[in-house]
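Lifted from Swiss-Prot, the feature list:
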TRANSMEM  12-32  transmembrane segment
TRANSMEM  36-56  transmembrane segment
TRANSMEM  76-96  transmembrane segment
TRANSMEM  106-126  transmembrane segment
TRANSMEM  134-154  transmembrane segment
TRANSMEM  171-191  transmembrane segment
TRANSMEM  221-241  transmembrane segment
TRANSMEM  250-270  transmembrane segment
TRANSMEM  300-320  transmembrane segment
TRANSMEM  327-347  transmembrane segment
TRANSMEM  359-379  transmembrane segment
TRANSMEM  391-411  transmembrane segment
Amino acid sequence: MGLVKMTRWRTLVLATAAFNLSFLIWFSFAPFTGQIAAEFGLSLTDLGILASAAIWSAPPGRILTGWLSDRFGASTVFGIVLAYVGIFSMASAFATSYEVFFVERVVVASAGITFVVGIQHVSQWFPEEELGTAEGIYAGIGNAGAAGGALILPRAFGNWSGPLFSTGWRAAFFYTGVVAILMAIVYVVFGQDAATKARAAATSESATLSTWVHTATRYGVVALALGYVMSFGLEISMNGWLPTYFREGFGSNLVIASTFAATFSLAAGLLRPIGGYVSDRLVRDQRDILPFFAGRYREQWTVLCMTFIVVSMTGLTFAGQTGNVLLTVAAGFLVGMSCAFTEGAIFAQVPAMFPNRSGAAAGIVGGIGTFGGIGFPLVYSFAAAEGMIHTGYVIVAALMIPILALNAFISRPHIASRAHVDGFFDGSRFESSQSDD
């Protein structure tokens, strides 16, 4: 029990602040890739692997912590993750070999798994008709932590010569770790798991292996998880790669490259609430924007947003090939906007599908979605190594087309109406309990 009486808005503020910090720490290495590469003798391919490695713990970690949040409560889980992330971030500041540094940063990167913990926490406090907007605010402002890191860290630590460290990136990792530990204490002390004890108990009791398997294998969850690969997976891949892209592709220095990259992160983060709000609004107004999917209001918006991603990624390649950096920054902003809208749309659907299993569902979708953050940086770095640094984006866009087609197929009204029940094995024995949700 927290020290003060929590409301849904106080819970939203607490979760959002903690996730914003988590996201900042997750990608705190990105502004310092040049310094890190120089100190450890890394190539562009090595940097691509480092950016990819930042995502390795996210898929299994999100899947596990989503279920743990249902079972044991978000306050406890969020506090534990922030505490060990802070410890390893501080430890990475003292690394003298790249092998030790690499392992420590993989552990620090598990800060990204807190996303599903906060999604579960917020869903336990807000009514269904406000879920899209509330989750969009949480994730949008939280995701903007990457932009905050890109803007603040190189300015605060770029020329660091203060106590303990003579290298900026080491100071940045140490002091952000300290802040993470302090936030862990705040979350455990003030957080409350649900609006009522009854709701927290119902969620905990539903967190079983059988219900998790059922949730993970429904058609709707599988389609949205892959949709999250092409939206959030894309976002985190770009957060890790864009500072390197602007530095190598346009000859920008550390601060300027990070600032250009931050425009993408700001769009991908701060515009996400719009995606959730539009989804909520279409449901309230019962408005069809894609008549082919008549009556499936959230699904229509999600498919439209996914299409926007494919188009904008193609545009980013063409913008980069012009050599005009401002045009490329603008194109990157549009990619960030498309990611934001799609992510907001997807997580307006997920908690509504499984209100008493929101942690498990969010963990599955959020966990699978991060695979894009592992694979896409490899495409970017290998294309760059072949002298085609701008071409990686259109290659990724082409890889997304089958995912878009699958989501359009699942969104057809007669399939979408049962996408939370029908799946890859017989779900009939769960159907009655799902109706109760």
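From the backbone N, Cα and C atoms, a Cβ is placed for every residue, glycine too.
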The transmembrane segment (76-96) vs the transmembrane segment (106-126): three or more C-beta pairs under 8 Å (separation of 6 or more)? yes
Ranked by Cβ pairs within a distance under 8 Å of the transmembrane segment (171-191), the first of 12-32, 134-154, 359-379 is 12-32
Do at least three C-beta pairs under 8 angstroms join the transmembrane segment (250-270) to the transmembrane segment (36-56), pairs 6 or more apart in sequence? no
